[in-house]
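Peer 1: One structure coming up, written as structure tokens, with questions to follow.
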Amino acid sequence: KRAAISWKIVWTGIFMQYILGLLIIRWSVGYEIFQFVAQQAESFLSYASQGREFIFGPNSVTYNGQVIPFAGSFAISVLPAIILFAAVIQCLYYYNIVQSVVAGMAKAVIHIIDISGVECVAACAAPFVGMSEASMLVGPFVSEMTEAELHQVLTSGFATISGSVFLGLLTFNADATALLTCCMMSVPCAIVISKIRFPEEEVPLTKGTAVAPAYKDRESNAIHAISNGAIFGIKLCIVIIAVLLAVISLLGLANGFLGWIFHFYGVEISIEKIASWILYPLAWLIGIPTIDLTDAAEAMGIKFILNEFAAFAMFTVKAPHLQARTNLLTTYAMASFANIGSIGTQISLFLTLAPDRADAIARLSLSACLCGSVSTLISACIAGIVS
């Protein structure tokens, strides 16, 4: 419905994204600030090793006289950081720090770009706490949201990654500054893409109002909050492990089946290759050097089919052999939750928050996931322009 598109929102959002790119990438002070934040995040990650060492023993084992670090194990190197971050975030929730920061940002953003209060809160929270937690912050409003608002909240979640996943990706030697930058740049772009794909035709309940983020079931004290956070973290780890195990195994099964069929024709084919062929033009459009297009497109395809962990695990093996520009732009293109597995997670969460909106949520989720993926691709384009 092109006639309903608010071009003021579109141009304001694109301008904000471009300015953020200039301030962070081209302005030395902005880059140093984000680099400092990234370094602190990496330092924060190191503290998880103390708990890991207590539970699992030394961070390395000696086998046949050779020292083998546990860093090569996904379960032992990545998941403890997720549990630590979840516990810290829950503690910050208890002291109203997260809510205050998100509400403050929403009050500023709502005067810059013409969207509703719940959309502002969800968009501002997504890069810090993740798509599920950002949705829970506006949980009481879900039943009253317009379909365009629902689409926007879903898109904001798909266009970014959470702090816990950010820490997990650092264990794959991902570029911390690029991940942080992309999350910040993708927020205004997610608003733009969502409002083009699904423009607002109704009057939202929270239009022009910076709503206060909700926080149900407040804990008794900080220890209670940390415990709840750790429990939530371990649940998240179990979900990540289960999804990775199932999807990667199914991918292997599909590749085996394809290999068996095309073996008779002497052709080597896999799901990853098919995905790389589909995404090859997009990888070229965002500015990745021609010599590295196949590797970058394959990583982007794995991210969309499986998830960001599997994609970065594969890509960082190849990264040392690729150009610096390829590594930077591919990191931007993959820094989001926009993948098939996340669609199921979001649908399950929203159905818990508002069972009465089941039909709308199921209808909008795939569209929002595609919009989130486009948002990160546009962030990669702008990074390629200004870098």
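Glycine residues also receive a Cβ, built from the backbone N, Cα and C atoms like all the rest.
All annotation found in TrEMBL is predicted automatically rather than curated by experts.
Annotations for this protein, taken from TrEMBL, read as follows:
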type: DOMAIN; residues: 1-58; note: domain 'Concentrative nucleoside transporter N-terminal'
type: DOMAIN; residues: 179-384; note: domain 'Concentrative nucleoside transporter C-terminal'
type: TRANSMEM; residues: 9-29; note: transmembrane segment
type: TRANSMEM; residues: 67-96; note: transmembrane segment
type: TRANSMEM; residues: 108-130; note: transmembrane segment
type: TRANSMEM; residues: 150-170; note: transmembrane segment
type: TRANSMEM; residues: 238-262; note: transmembrane segment
type: TRANSMEM; residues: 329-354; note: transmembrane segment
type: TRANSMEM; residues: 360-386; note: transmembrane segment
Peer 1: Would you call the transmembrane segment (9-29) and the transmembrane segment (150-170) in contact, using three or more Cβ pairs under 8 Å, pairs 6 or more apart in sequence?
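Peer 2: Taking Cβ pairs at least 6 residues apart, the transmembrane segment (150-170) and the transmembrane segment (9-29) are not in contact, as fewer than 3 fall under 8 Å.
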Peer 1: Which residues of the same chain, at least 6 past either end of the transmembrane segment (360-386), have a Cβ under 8 Å from a Cβ in it?
Peer 2: 17-18, 21-22, 25-26, 147, 150-151, 154-160, 178, 181-182, 185-186, 189-190, 192-194, 197-198, 282, 285-287, 304, 325, 328-330, 332-340, 342-343, 346-347, 350-351, 354
Peer 1: DSSP helix, strand and coil counts for the domain 'Concentrative nucleoside transporter N-terminal' (1-58)?
Peer 2: 52 helix, 0 strand, 6 coil
Peer 1: Report the mean pLDDT of the predicted model across the domain 'Concentrative nucleoside transporter C-terminal' (179-384), rounded to a whole number.
Peer 2: 84
